[in-house]
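Notes to accompany the following structure.
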Amino acid sequence: MSKAEIGIIGGSGLYAMPGLSNIREERVTTPFGEPSDAFILGDLEGRKVAFLARHGRGHRILPSELNFRANIYAMKALGVERILSVSAVGSLKEEHKPTDFVVPDQFIDRTFARVSTFFGEGIVAHVAFGDPVCATVADTFTSACKAVGVVGKAGGTYVCMEGPQFSTRAESNLYRSWGADVIGMTNLQEAKLAREAEICYATMAMVTDYDCWHEGHDDVTIDQIVAVLHQNAENAAKVVRAAVAAMPETRTCGCGEALKFAILTDRKAIPAEARKKLALLLDKYL
Ligand SMILES: CSC[C@H]1O[C@H](OP(=O)(O)O)[C@H](O)[C@@H]1O
Ligand SMILES: Nc1ncnc2[nH]cnc12
């Protein structure tokens, strides 16, 4: 039986989920190694949820060190069908001000040191990623912002950079010239792996700074980000709670069938070891 239907990944500034009842902690082991931390399971607004602190409690794991595969696989193993991600981002546009929330619907990949797929080792699959976030989860996030009374913008392009250093001014201006909206270091791998795991995924991006391009603002620093995150943590938790409450019970999007036409490998050629490792994702198709 499913232990949770909705997963919440808390990013910088959100290391716990207020309002959970029937709380218990569970460590999940995966064929891809250890997730960032134990999962906090509980009830929120009458729904079973699983909370994970992306960087671990105490913020111990760099973006490039995150075991994205273990985190998403563990969500799947718990029975999660939808992931609500919360992330801190820098703004690449004047109109996205610190403390605003943006719900991105596109990504640009500027990472270079991460594993972004469950496949390989004898199984080849290519999922569609033209629409990288689940429209239902994204809409639920923006409606929840409205319900709570905070600025929550629908759509936008999230540049996912490797980090951990922030961007140079030349990079920041380049991303602006591409029309991108916000920049962060964590969301793209989660979105890719959630799609491969047939889990719906969207992010509520909390704007914390103007990166380093804005002449009227100091270049981004951690103390600036932390100050805005402290201001926003309460709103972020309120929006997540409202989104959980409003999430439709059943899925009508295509996320749950993302692998249906994606597996290219001749079923007879799939090595037993790979088949076993990915059974949780693939059993229904093999
Ligand atoms: C705290 S500054 C940089 C850090 O913040 C964002 O983290 P997350 O996406 O987990 O909220 C960004 O991606 C960097 O990891
Ligand atoms: N300016 C920025 N660049 C990358 N990640 C961030 N997270 C918060 N602000 C950021």
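Every residue gets a Cβ built from N, Cα and C, even glycine.
TrEMBL does not curate its annotations; it predicts them automatically.
Note that this is a predicted model, so its numbers are computed, not measured.
Annotated domain 'Nucleoside phosphorylase' per TrEMBL: 5-244, in sequence order. For the domain 'Nucleoside phosphorylase' (5-244), the mean pLDDT of the prediction comes to 97.
Using a 10 Å Cβ-Cβ cutoff, S87 (phosphate binding site) registers 26 neighbours. As annotated by TrEMBL, phosphate binding site applies to S12, R54, H55, S87, A88, T186.
In the three-state DSSP scheme, S167 (site 'Important for substrate specificity') falls into the coil class. There are 22 other Cβ atoms within 10 Å of the Cβ belonging to S167 (site 'Important for substrate specificity'). Residues or ranges marked as site 'Important for substrate specificity' in TrEMBL: S167 (among others).
Of all Cβ atoms in the protein chains displayed, 24 besides its own lie within 10 Å of the Cβ of D211 (substrate binding site). Reduced to three states, the DSSP call for D211 (substrate binding site) is coil. Positions annotated as substrate binding site by TrEMBL: M185, D209, Y210, D211.
Around the Cβ of I222 (site 'Important for substrate specificity'), the same chain contributes no residue under 8 angstroms that is 6 or more positions distant in sequence. Annotation comment: TrEMBL describes I222 (among others) as site 'Important for substrate specificity'.
In this structure, the CA atom of R54 (phosphate binding site) is 20 Å away from the CA atom of D209 (substrate binding site). Take the Cα of S167 (site 'Important for substrate specificity') and measure to each of the binding-site residues S12, S87, A88, D209, D211: the nearest one is D211. For ligand 2, the nearby binding-site residues are D211; that is, of S87, Y210, D211, these have a C-beta under 6 Å from one of its atoms. Proximity to ligand 1 at the level of Cβ atoms, with a cut-off under 6 angstroms, picks out R54, T186 from the recorded positions R54, S167, T186, D209, Y210, D211.
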